Amino acid sequence: MSDQHHDRPPLDGGQGLTEEVKQAAKDLNGADPQVILEWGSKRFGRALALACSFGYEDVALVHMMHQVDADAKIFYLDTDLLFEETYRTRDRLAEKYGIRFIRVRPAYTLDEQAKLWGDQLWKRDPNSCCMVRKVEPLRRFLKGYDAWCTGIRREQSPTRAHTQVVEWDTQFQMVKLNPLAHWKEAQIWDYIHQHQIPYNPMHDNRYPSIGCIPCTRQVQPGEDSRAGRWSGTNKTECGLHPSSTGEQGGDLT
Ligand code: SF4
């Protein structure tokens, strides 16, 4: 899909991390996130896509990426179940940076999903709902790319504790950049305020992690930052990133 594919060395065909990626992970570990994005942009050009859920990590990444490449490909998964505040955050970012966010949609509308698998699938089988509304659309979209970039961080959860800043994504068979892997929450908020980056106001109202409406709630004082996601189930992640422990790991937020 990229006009730059021809002058880049080929990836290793999915047989694991290339020596190059291993070396980059080593060299860039602890580096400024923007330096990691610069490496990714130089190495992959238009074959790199940044995933954005409009959570606070991702709005910081959008700002950084915009400094690196104002025409970078930035996409979001529109499950049709996002909060109004999330769409407004998208619009404010689009206006500030002149970005055209790529909207990635599920193959089925909510009505079609209800006809096929029953109403409110997220209540009965959230893994299947995430598969239909997030994982499959992401897989379809990423087929056109060689590398993707996420805002996941090591301190977010045990399944993310071993996240590398550059790694081989075994699920999607491509390179994955996690430029904020080593950053702390406070660093990101400092960055957001310093650069006056638009963010989702729900974060100021005890929603540290924001996903789909039916699967997101406020957290109580003292609760883990991801306690408000899939509350009342043992699900903690969407299945977008298998973790290093082999668990289904990873959401975009
Ligand atoms: S987060 Fe909830 S509503 Fe959204 S896709 Fe997953 S199960 Fe469905």
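Quick reminder: no glycine exception, Cβ is built from N, Cα and C everywhere.
Listed in TrEMBL:
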| type | residues | note |
| --- | --- | --- |
| DOMAIN | 48-217 | domain 'Phosphoadenosine phosphosulphate reductase' |
| BINDING | Cys129, Cys130, Cys212, Cys215 | [4Fe-4S] cluster binding site |
| REGION | 220-253 | region 'Disordered' |
| COMPBIAS | 231-246 | compositional bias 'Polar residues' |
| ACT_SITE | Cys238 | active site, nucleophile |
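This prediction places the mean pLDDT of the domain 'Phosphoadenosine phosphosulphate reductase' (48-217) at 96.
Every protein chain shown contributes to the tally, and the Cβ of Cys130 ([4Fe-4S] cluster binding site) ends up with 26 other Cβ atoms within 10 Å. Annotation note: Cys212 ([4Fe-4S] cluster binding site) sits in a strand segment as assigned by DSSP. Close to Cys212 ([4Fe-4S] cluster binding site) in the fold, though at least 6 residues off in sequence, lie Thr79, Leu81, Leu82, Trp122, Arg133, each with a CB less than 8 Å from its CB. Non-local neighbourhood of Cys129 ([4Fe-4S] cluster binding site): Gln113, Leu121, Trp122, each in the same chain, at least six residues away, with C-beta under 8 Å from its C-beta.
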